[in-house]
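For reference, TrEMBL has these:
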- 67: active site, proton acceptor (ACT_SITE)
- 7, 67: substrate binding site (BINDING)
- 7, 14, 74, 92, 93: ATP binding site (BINDING)
- 74: divalent metal cation binding site (BINDING)
- 29-48: transmembrane segment (TRANSMEM)
- 54-73: transmembrane segment (TRANSMEM)
- 94-114: transmembrane segment (TRANSMEM)
Ligand SMILES: Nc1ncnc2c1ncn2[C@@H]1O[C@H](COP(=O)(O)OP(=O)(O)OP(=O)(O)O)[C@@H](O)[C@H]1O
């Protein structure tokens with residue numbers, strides 16, 4: 001039982017290490033966190049309901065998680081093939097496209113919620 005708890009605690013520790021390292025060292029992750037703070041400020045300003053906060057928190061988590069996956073794919077590419085090559089370009093572009101898609105989705109969700117309140 002104790003070793004299970006220790007292993008669980010280690011998993012959380014490693015995950016939090018990744019979280020803090022990404023926030024401290026990856027500019028793309030920091031930019032997404034900045035947008036998340038702006039979105040949270042908009043939520044306060046426009047007095048989001050509980051349901052709207054739930055949606056906002058979900059899309060923010062999705063965008064930031066996708067940015068972490070994108071950054072880890074970039075690092076994996078640079079580690080396995082540090083030279084310029086077509087495969088790395090496609091892999092990195094696809095990962096960046098995934099971030100773009102969820103970011104556009106998040107932006108539309110934000111615009112719909114705020115637009116609904118303004119109108
Ligand atoms: N090894 C490579 N071969 C070919 N094209 C590459 C390679 N590395 C990067 N690229 C191209 O440059 C783009 C940006 O890659 P890069 O790794 O600099 O991402 P970034 O988002 O700028 O990362 P960072 O988090 O370091 O700012 C990629 O989407 C890809 O089109």
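Cβ coordinates come from backbone N, Cα and C, glycine included.
Whatever TrEMBL says is automated annotation, not expert-curated.
Put simply, the two farthest-apart Cα atoms among 7, 14, 74, 92, 93, the recorded binders of ATP, are 36 Å from each other. Minimal Cβ crowding within 10 Å, among the recorded positions 67, 74, 93, is found at 93. For ligand 1, the neighbouring recorded positions among 7, 14, 67, 74, 93 are 74, 93, by Cβ distance under 6 Å. Between the binding-site residues 7, 92, the minimum number of other C-beta atoms within 10 Å of a residue's C-beta occurs at 7. Across the structure, residue 14 (ATP binding site) and residue 7 (substrate binding site) place their CA atoms 11 angstrom apart. For residue 14 (ATP binding site), other Cβ atoms within 10 Å of its Cβ number 10. Cα separation, residue 74 (ATP binding site) to residue 67 (active site, proton acceptor), rounded: 10 Å. Here the residue listed as 'active site, proton acceptor' is positioned 13 angstrom away from residue 93 (ATP binding site), judged by their C-alpha atoms. Rounded to a whole value, the Cα-Cα separation of residue 92 (ATP binding site) and residue 7 (substrate binding site) is 33 Å. In the three-state DSSP assignment, the secondary structure recorded for residue 7 (substrate binding site) is helix.
Distance noted between the C-alpha atoms of residue 7 (substrate binding site) and the residue listed as 'active site, proton acceptor' is 26 Å.
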